[in-house]
């Protein structure tokens, strides 16, 4: 692609990777790091494990190939940054205050601004031109819309009855108020973003192709975290997880992983003569 990855993006991404490793190792091995309810801790440990095994490696691989000028690498990098933004926003809002709180602030800040900078400097026209005819856009648009609608229904089916009845959702009673962080982020950011991506892709707009790619790669990187975390909550017994919630949490993430592979392989492997020179000289 003709757009360049800037040096500040390389440095910021590297910072996200290093801080993510530190945060996850502290969560796994520092005694008393998490002060949250016992029912919630298995999910936090699952997030730490998958961050180390999947999230950080995906970010590092995506960054490496993006610097080399790879089209495919750029979308792995952006999808991994979307994952980092989502995860550190969730953790920063969910986890009880501990000595690494400012680290969570730094992680979210670095992730979100690097992600936005990477997306807006992507050549959407070139991406669309490359994928038109090779990518089944209606399949991707339909999937994104289905996930957006399903996620909205899943969370609203808990929130609306409790709101009308003047009570609190069962998940809050079992885990605590921090359980609503995912509902807040999903309904305010993820659902609208997926819906807009679906609409633009269906209409054939260039940015629809870009956002769809970022969305499915994000889902692919998130899939292990969702699967392991949901499994631990479901088998722990302290939190009620319905079959519908279990299925809708895991299945779309696995489908996204398959669609991410199809999307990435539909892109050319590199950007030709501009490869190594993609690290720009100015911020």
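Using the three backbone atoms N, Cα and C, a Cβ is placed for every residue, glycine included.
No curator has checked TrEMBL annotations; they are predicted automatically.
Here is what TrEMBL says about this protein:
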- 7-29: transmembrane segment (TRANSMEM)
- 49-67: transmembrane segment (TRANSMEM)
- 74-95: transmembrane segment (TRANSMEM)
- 101-120: transmembrane segment (TRANSMEM)
- 140-160: transmembrane segment (TRANSMEM)
- 180-202: transmembrane segment (TRANSMEM)
- 209-234: transmembrane segment (TRANSMEM)
- 240-264: transmembrane segment (TRANSMEM)
Segment proximity, the transmembrane segment (180-202) to the transmembrane segment (49-67), 3 or more C-beta pairs under 8 Å: no
Highest-contact recorded stretch vs the transmembrane segment (101-120), from 7-29, 180-202, 209-234, CB pairs under 8 Å: 7-29
Cβ-Cβ under 8 Å with the transmembrane segment (74-95): same-chain residues at least 6 beyond its ends: 1, 5, 13, 16, 20, 23, 34, 36, 40, 44, 47, 51, 55, 58-59, 61-63, 65-66, 101, 104-105, 107-108, 111-112, 114-115, 118-119, 122, 178-179, 181-182, 184-185, 190, 213-218, 220-222, 225, 260, 263-264, 267
Surrounding residues of the transmembrane segment (240-264) on its own chain - C-beta under 8 Å, 6+ positions past either end: 72, 75-76, 79, 131, 135, 139-140, 143, 146-147, 150-151, 154, 170-171, 174, 212-213, 215-220, 222-223, 226-227, 230, 233-234
Positions whose Cβ lies under 8 angstroms from the transmembrane segment (209-234), at least six residues beyond its ends: 39, 42-43, 45-47, 49-51, 53-55, 58, 75-76, 78-80, 82-83, 86-87, 119, 122, 124, 127-128, 131, 135, 137, 140-141, 143-144, 147, 193-194, 196-198, 200-201, 241, 245-246, 249-250, 252-257, 259-261, 263-264
